[in-house]
Amino acid sequence: MNFDNTVHESNFDDLLHNPNFPPQFDQLELDSLLYGTDESQESTSSSSFGFSDQNAGFRSRDGGSLGDSSSDSSPPLSCANFTENDQEMWDFGFQSRSPFENFEQQFGSPYQDDEVIAEPTNEFMNARYLREEPAKHLPMQQKRIITILPKQSQPVKRIVSRPIQKVYRVKESPGSQQQTYRVVQPLMPSPSQATQRQIKQMYYNEPVQEIHMQPKSGPLVRQVSEEPRYVPIAPTVDIKAEPQVFTSEQNRKIRNRMYAQASRMRKKEADEHMKMNLQELLQENEILRTENAALKQRLAFFEHEEPVVEVPQPFGRNQKKKRIIAAGSVLMMFGLFAVISPFNVDNNLNINNQIMAISNETSMVARHGRVITYEDSAPVAKIPTQQPIHNYPNSTQNDCDMYKLNATETIRVNNDIERWVQVHSFDNVPMKFSGGLLNKEAMRKFNYAQKVKPASVYGPQTLAVQKKSEQAALRSRERTWKQLDLLKTGNNIQLDNEKIQRKRQDIDKIASIVRQKGDTLYIMTLQDYVLLPSLIKGANSVPKLSLLLPSVPMNGTLQDQYTLLRVDCEVTGTGQLTLSNKQLSYLMP
């Protein structure tokens, strides 16, 4: 407003205390002074002002309107008639809050948007200052009408569940499983119910009992809470659960925990075992202490007795008696030693140096420069059979008339076996005749080749050499054959006899399986064989074995005869071994 050409701010307090307040103030409408526009504000229910649609103004307690000079009940509000009561009501109108601020908290329902009817704007609605102009009769404009439509809220239900101190079992139909029920605490209320309870407690301090809405007509129905009072426990039967899959890291951790737990259990058991042993030893020690104390008491009791007095004997007689007892003891020990000793003294003293009997049928002449012939050989005598003084059944010394070979016979037997092994070895058999071990056809062809070529690798074999010239010629031929053997190289043999080399490797494998000894001959026969069992069997006698093997004839054989080599053996041990079919297939003809 412009008073006396001076612009003042729109401060209501300054206007009221201004002494130069214009007398035309009673003609102004309070709506424009209070709010600056023609819009009206809502009034609270606690205020003494009421909003009226007829005069669009405020009425006081006595019914008069504020700011309307047309009212007959009260004069218009001015500085002269603005009383103290009006001042208080005026201040209250500015201090009171809107009644719709806590609408949602009071009624528990969301606040709905107000229906506002907008009226056409005019040039006076946005004016901040009022000028003194002659009143113009403007057409009556409609004020904004605010209609509050509260949302109907459902009655709040409060369900209070009390815990029951009993456990019930409900027996269902025979086809269904039994379920065990247990008592649980009341479930937590829903968030909406908790909010409603908090809102009610904000405005009501005393407990409020729920009043259920009943129908106007019809029988009374009691509303029962649908909240479950019992929660079923899992059934007692096993439930098939899917196997849980763990990662490698989880499996490693589980294994580590298992191993650690097992280690702790073992340590605990070991500690308990040690404690038990310690307890037993302590008990045994206590028992021994008790017995020792008892023995000491008995010893002390006997020590108090008087000692027995012995009459001393002469010194010479006692010394002689001791010597006799010592000599008798020595003789007794010597006799026991002679009886129990495993050494046969008599047999060792009665050893005869004569050559033992050897069967002439199996004797052969070896290839040596100096060989004793059959005619010039000394007579061989048999050892007279006599029973020794000490005959031990467990000893193998005198069982079955065992013979002992002298140096000459030992050399002869070794040469015979070595010759047989060399003839039947893979290296000395010609490749065109080699068909496998113990192959009869191969042996027949080999014998025929030996007849055609009597001078073999080993030289000619004769019964006796009487003249020195013949002996010299024989030695020269042997040297010649040895030199020819030295000219052969191993490469040619390997190139020509690849199959034989493979068989040799297989035989080496078999020898490693058998654990071959250096001084033992091992013979494997894989074709038909004939067994001649022993006629006399003894449990304490050493078993003997005689092998009959095909051999090379010495001086030629007849058409219907075949030469065999007999090998007498003494069994020193037996054992079993396992060979594969592939290894045996190389040895089969």
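Just so it is clear, glycine is given a Cβ too, placed from its N, Cα and C backbone atoms.
As written in Swiss-Prot, here are the features:
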COILED    271-305  coiled coil
COMPBIAS  1-16  compositional bias 'Basic and acidic residues'
COMPBIAS  36-54  compositional bias 'Low complexity'
COMPBIAS  67-78  compositional bias 'Low complexity'
DOMAIN    250-299  domain 'bZIP'
REGION    1-82  region 'Disordered'
REGION    252-275  region 'Basic motif'
REGION    281-295  region 'Leucine-zipper'
TRANSMEM  324-344  transmembrane segment
Problem set entry | For the domain 'bZIP' (250-299), the number of residues DSSP places in helix, strand and coil | 50 helix, 0 strand, 0 coil
Exercise. Which sequence positions outside the region 'Basic motif' (252-275), separated from its termini by at least 6 residues, show Cβ-Cβ distances below 8 Å to it?
Worked result: 246
Problem set entry | Confidence summary for the region 'Leucine-zipper' (281-295), mean pLDDT rounded | 93
